[in-house]
Amino acid sequence: MKNKNSNVSFRSISVNAIDCKNKNIFKCQKSSEWHLKYANESSIFLRLICWMGFLVDSDKTLRRRIIFRCFLSTLVLAVVDNIVLSFFQNRRGYYMRLALIYISTYMTAIAIWYLMRRKREDLSAFLRFLHEIHPYTERRETSYLLYSICCLPIILSILSVISENLESKSSLYMYMRPINYIHLQIMLVFIKSNFYFVLYPTFPAVVVILHCVLCQRVCRLIRLLRTEVESCPLEEFTISKQSNILRQKNVIDDVMVLMQKVLYLPSFLLCTLNFSSCCTAVAWFVLGYQKEDDITLFTTFSLFFAIAAANLLAYFWFAGGLPIEMDAFREEFCKKVYHRLLTLGKTGEIVFQKALYETPSFVLSGCDILYFKRSSILGLAGAILTYTLLLVTS
């Protein structure tokens, strides 16, 4: 498919040809440049998801296996250590509820990693499929955003170190054994805080960006197809041309089905995790901030809230763009067919728009419980405030 803006070649590839169970799909790539299967050039985006174990290439070399296992060990140690520390904390009332929510947040993050790891063959096939349809080059904005997110553990750990409660925090991190040397206190708090902040909020934020990038790429495919319909003259918009466009649209439908398969459960857990984090942060602003006089703690909770809210907003915005783009394509296609009918009077031609209208718009869902639409963003904000009030008043 070619137009003035870009040259795009949609290949008629069925989902069956890229089924994750068919291992031959990955044997055709013999180049040492593994990233060429997924993009035109290597990028931090591909390296991160490979190091986290989300691609079949994560297990291909010794270096990648070591990095992947180190990352997994970091996540597991952070969860186990946080659970152990919870037994040494004397918390009551809403503080206990906040602590339990944060422990469940860490457990949910591990569950998200496990689900994405299990879907590594599906995700690898999906990225290859997208790259074969339309070659991909990562945008600079995505790289800058990922670099910024990777700095979060260091920033949050520094806030923990300069906290007024450094001594009590280091004692807690040492399982209620006091540490008298300030340098050891700083080292212990900084290292352990890094472990915790890699697990949350850094890891979920990276996964959210991954999902948003996938949705954005599919939206771009739909947008390019709509652009082709717009730029096609009425005289050239023949039955064969319409049929060719609809075949390309079917390929995009196959892409979205595969994407739903990859994101079905992780998307639900991601939104649940960020939703609970927003509620917890707002609850702390309402009650906890009145009892604490530590500005670094306020800054930490503010960052937690900002990151969780941004994750939710980005997820619903990018995933909610899929039905909008598909509806825009459908409207443009039907309008072009109608104008051709009025202008050229081709009443005997096959009418394709009826089948388009009979097909429901694709809406990405999480466990068939959450449906990602942009119209749901305001309702989500109201739900956060409602559950926060329940957390505070109960």
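Placed from the backbone N, Cα and C atoms, the Cβ positions cover glycine too.
Features as listed in TrEMBL:
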TRANSMEM  66-88  transmembrane segment
TRANSMEM  94-116  transmembrane segment
TRANSMEM  144-162  transmembrane segment
TRANSMEM  182-214  transmembrane segment
TRANSMEM  262-289  transmembrane segment
TRANSMEM  295-318  transmembrane segment
TRANSMEM  377-393  transmembrane segment
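Using a cut-off of 8 Å between Cβ atoms, the transmembrane segment (144-162) and the transmembrane segment (295-318) share at least three residue pairs, counting only pairs 6 or more apart in sequence. Sequence-distant contacts of the transmembrane segment (182-214), counting only residues of its own chain at least 6 positions beyond either end whose CB sits under 8 Å from a CB of the stretch, comprise 45, 48-49, 52, 54, 74-75, 77-79, 81-82, 102, 105-106, 109-110, 112-113, 116, 126, 130, 142, 145-146, 149-150, 152-154, 156-158, 160-161, 166-167, 169-170, 173-174, 259, 262-263, 266-267, 270, 273-274, 277, 303-304, 307-308, 311, 314-315, 318-319.
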